[in-house]
């Protein structure tokens, strides 16, 4: 027998050997040990002890040899050892033991002996004595044979032992736990009618190893203890305590009434979940709890768990090999407590107990409800009411007196379902709970929100008060794009319900949201929207004092403080633009204007926020007026004086001209502006002269000419003559009383006559008026006499738009004076003016006009399209409106618009104009690629188009084809047309719901060739094998340069024949798509492009050759991402087939994408031609290659493979079950997880589903929360139904909150929601049912039950196979068949319904309720043999690493202790293809090639980018004039007034922002621990608050830079792998250093290698955050960064606690809250110990070591430390023992395997 084996230069412990601990120190000379004794520990273990020799010696040699022969195994021990345990012995084998003391090179005589375990057992007393023998130091482990105390009380008990089986214990220490349990069980009288003992083991998820009623004898229990398997996982003690509370102390599990109930917990670490509520539940239900902690257990936590007093119920030992020291004390205490409880139970046996009944909830509010119950029987001391949110949270409780039967639960969360349990508390026991649920109401919200008193920068908000609210939160933000983030909030007290929001932006729409606050909780919001007022422009513009070169502007000010005004005015032709800014005044003169010019005015108010919209107006300056007074006096025979009055200071000069009336020379003189008279001399006597006067202004313009006639005196005349002529010539008289006669103030029915009185002797004036047309003799219309002192008269009523001649005659006492006449004209009936158009869009526009000067009653607007027939439309608006938005117009259409003013006398003349909507249509529409049966329409896109409707119509038979394409499309092709036919192609542009007019062209298809008549090709008939084909088939054709035109046509012919073999094309059959690939793939047509074989084949014939390089990998990815999509027509549940044709090696990688697609269920056929790489084809094609890979020598050899390819493709497409890739092989079946969207890339879109860690923490699973009701239409999943034989496979687990009622794990419903087939789980009855309909239409079910079925309901992951055949149904659980039952052959299903997961059986209809559970795998395999081949590799307890594939990101830990390098390995194979190299330097220019042939014309290039916008500014539109003759090209139009900056428009109103929520109180976070199998989640924990960053640990020595690794995974996985790698490396190195120290007899001080905490499991995808809870304890420190190679030994760090990240909580997203309080400082992680040094005081740390050489790059791995348990320690060989060290109180060495 071999105990040690030398390898290289180190002594290493063999796998079956443990470490010997040392106990005593004896000094003296070398002498032999004495008193060699043996003590049996178990059936394969023995303890050897001896007395140390006297004198000085260095150590011992322990030799163990099988007597029957075999290798002697030797172990060197230190001189302090006096005992050792040998394990792994054969009970029937005789062994010789020798113990030799030595000192340097001298040895003592051996102390030796022989033993056989069976012989030693026979000598033992079969009944151990009750008396306990004190062993002094107590370090000796007790064995069942050594137990001296046996509980002999007649009292019995139900004892449930809960054992921690987490990774931190390790397999080695778990053996010591078994020894402890064996000793514990031995102390009691165990039997079915005596004390019963059950046991559960827990880690991530608890499991029952055996129930209380599982065994009937003590021997059976002890045998079960010895065979107890080690579980492994995380430490979730709270979950485990709750598990035994719900499962172990139940009658069905063997628990008895009237019997003491004892719970014993054994754990080695701090729990990663909350232990207080489950411990309290157990204690209050009558279970007395004992807690035994080992090593890193938390004493405070043990005290929280155990019953009182702590001194007798809490035990804690430092190491596992010291557990035997507490056996006696524990068993004594248990025995005495059983006796005491038995007496108490018997004393109260006559008392009546029971739970309360009739749980009723009432008075439900948002924060409370009342709970009522009927009293429990007997003498109830108190009632305990426990309540907690169903979706997770910390339980609360209320304790009331036993006389009370109701209580109000307060401070609840609103709109939350609560679980309620009421327990009756008796003197010595507690009843079962009376349970129920209730949901609180939603918090009352504010109502009647009113936004009012809106100004430019403020508004008031008002709402009705909410009873009970503690305050209100108001959020408000602008909706304008670009300002949405400028959100503000306001918190106010509960007494305020009317507030003002100030500081707002003008002319901006705001959304205002009000929340009622109840403490930190908020109600639902009430929201309103309102727009602030625009900045007020000035009002009521008035233009006065308009002259020829000036005018005055007057306006009313705005209602608020402004900074000033900006005035802009310009003339009509845009040559004169002026701008001036003025102070806050209300009038301003304009000067320096041009006479007779139209000016446009715009006045802006200027505020701090900007400027307002303009107040506009238009006016025209007057012409330079004629002189209204011209007088001739001082007349002589040769001269007279001309006198006038200047009209303005701007008159520059006067030009005076005169000429004899009867002919003669005109003379003139230019006079200065200050002159107002001039004497004309040198005239002829008695001659009549015409005198003219005009003013010449500074700008060169001239006034109208004023004329007067004067006659010089004859030589005999002496009295002067005077003539006054206003604008017309008047005969000179010598007496007149009138001058400056003016007719003005025109209206439509009146004129005012004014004159100056020049003679005070006038008694009266006679005013006569008549129309100016007609005969001069016509009759006077009217005569009015006025006094001589009156100088004006209003003439009315007159006719509108009529010219009148008014004559005023002065009347003297002696007769009439000279009459003076003047014309006047009434105004026409006034109508609107200045029609303007704005806001033009594709279906609307706005018209604006200026009101007429005369009063109106309203306006009538009439409009009609110009070029298309249609009704005339009209509308009416009030007198105060001068603008209207006309809607529902046609796009790009001219409309005639007429506006009539409604006046008292009727309608005015119409203001007419032509307006036009914007054109919603394409441009540059052309027909291209015109063939005999096809053509393509090309156009230039419209910038606002969202879609195009393209229509082609035959002008012969009026047949139409129509398609709708996207707004970015520039072409569309039509096929199946008639040759030599005229077609009209129309494109309609669509903008959302608006459709523009068609843009059309005519095109004629090509004629049939007239040379040899040809006939349309015969459509190939479908082949028999393809009659049932139904698939989505994509052909990928290599279009690279190496193929060429001729060979490409051969490929097209091959495709034509292959597709022709198909039967039905379209959604009811096979859909075909085509991609041509080179550098960039190009879609020739999509899967849903063609519905008939004829059109499909025609499209194939017209595929053109592309040319380029070969990028096959890129093309395959393109096909997956672009063509296998819903938009392209991909159907769910239909086989996906790809056929790749290529003639060369790809210039990119094809392996990865091909593998991914094969794993996703795609069937890929690869066809290689000529120079194609066969190995690459094998990588591309699916397996087996014999069916999926083809190769031909040239392009003429396609016929050789055509039939075989068609057969294989059609067989793949005809299968009811598509091909899926599972566990490395291709199978026919359905990947149901993918079909339900339960995969990593899709699950976030499935409502009610979250991703959680699954088995091994490396597989994802998906938690279906309550009422998630995940479903999919059957036609997507199983369009052809189910096969006759199939296997349904699930990997799932039941959760604590999974209801007790039956639910369908999976079922198919028809369109009436009737179940057709499915699997039912009854969590309450612990049964499994499968049902379907048989072929005769009868409903049939089979139900399975029993112990093997029940275990799937206990919270662990289990694998379930249901094998359905034509005669029976088999159930296989965890790869073990547990039952089968006969069943008739099933009928096929209909595909008109849905398939659902988790639907409650009692829930009817398409909706309803569903149960929560976790699902990791769900497949349907179309075979009955799959269950026999499955190895359950996903289950930790059944996984065989040798036959199972590697776990994702896994690594293996070496089982040898060798540290020396092995021999060089054989040369490696060829490496992977390297990455693409950098671009090389350009090579030298090659010789010129021959001139190529002229190529075909290239396609038309895309339209160029739109040019920049012009800088001109639109002017005010003028009045429409009469249509004139076509003129020459005019000059650029005038500029308009620059408008104010408009506020940006907005898109749609965004949804309201959710309320920032309160800071959620944190639940207790679990500390990081080793990765393990996740357990059944309990009530989800609540996120803890973040603590401050812990102090950094000391840095390690940096390692050498490694090679570039492969792309990493998510950050959390990378961190886990990095930390795990450190754990393994550090522990191996320290392990080896410790071995070296021991075997070379180097004394060493105690140097514990402490447990390194394992990394946390990979975080799941975030679920919806749970409801906020209370503040939890501080979180544990996170992992430090990656370490380098080990540095010098560090100080021993504090022992960390183990744990892992908890699963995400379940629930809807809570509102945002403020930051939580800071947590306590974290701890640094202990450093890795270095190798031990020689004895002596601790020296200073050494310098950093030189970094080692760069190691080779490895594949990315994931090292689970738990799998590296105890390096170098394997299970014992049947023929070899293993040693278990015994630790004394002296020198101790701790050795822990990685991950322990």
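A Cβ is built for glycine as well, from the same backbone N, Cα and C atoms used for every other residue.
The feature compositional bias 'Low complexity' is assigned by Swiss-Prot to 1473-1482 (among others).
Here Swiss-Prot flags 1573-1585 (among others) as compositional bias 'Low complexity'.
The compositional bias 'Pro residues' annotation in Swiss-Prot covers 1728-1740.
Residues or ranges marked as compositional bias 'Low complexity' in Swiss-Prot: 1741-1757 (among others).
Here Swiss-Prot flags 32-122 as domain 'Fibronectin type-III 1', drawing on sequence analysis.
Per Swiss-Prot, domain 'Fibronectin type-III 7' is recorded for 831-921, and the stated evidence type is sequence analysis. Mean pLDDT of the predicted structure over the domain 'Fibronectin type-III 7' (831-921): 87.
For the recorded site, residue 94 (N-linked glycosylation site), the DSSP three-state label reads coil. If you look up Swiss-Prot, you'll see 94 (among others) marked as N-linked glycosylation site.
Per Swiss-Prot, N-linked glycosylation site is recorded for 137 (among others).
A 10 Å cutoff on Cβ-Cβ distances gives residue 372 (N-linked glycosylation site) a total of 15 other Cβ atoms nearby, all chains included. Classification of residue 372 (N-linked glycosylation site) by DSSP places it within a strand. Sequence annotations record features per position, and here Swiss-Prot assigns N-linked glycosylation site to 372 (among others).
Cβ-based neighbour count (10 Å, all protein chains) for residue 1384 (N-linked glycosylation site) stands at 15. Summarising the annotation, Swiss-Prot assigns N-linked glycosylation site to 1384 (among others).
Annotated N-linked glycosylation site per Swiss-Prot: 1388 (among others), in sequence order, evidence recorded as experimental evidence. Listed in sequence order, the residues of the same chain lying 6 or more apart from residue 1388 (N-linked glycosylation site) and placing their CB within less than 8 Å of its CB are 1281, 1282.
The O-linked glycosylation site annotation in Swiss-Prot covers 1476 (among others), and the record cites experimental evidence as its basis.
The O-linked glycosylation site annotation in Swiss-Prot covers 1485 (among others) and is backed by experimental evidence.
Annotation comment: Swiss-Prot describes 1523 (among others) as O-linked glycosylation site, evidence class experimental evidence.
Residues annotated as O-linked glycosylation site in Swiss-Prot, with experimental evidence given as evidence: 1526 (among others).
Positions annotated as O-linked glycosylation site by Swiss-Prot: 1601 (among others).
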Rounded Cα-Cα span from residue 1384 (N-linked glycosylation site) to residue 372 (N-linked glycosylation site), Å: 52
Count of other CB atoms lying within 10 Å of the CB belonging to residue 94 (N-linked glycosylation site): 15
The domain 'Fibronectin type-III 7' (831-921), counted residue by residue under DSSP: helix, strand, coil: 0 helix, 48 strand, 43 coil
Cα-to-Cα gap, residue 94 (N-linked glycosylation site) vs residue 1384 (N-linked glycosylation site), nearest whole Å: 62
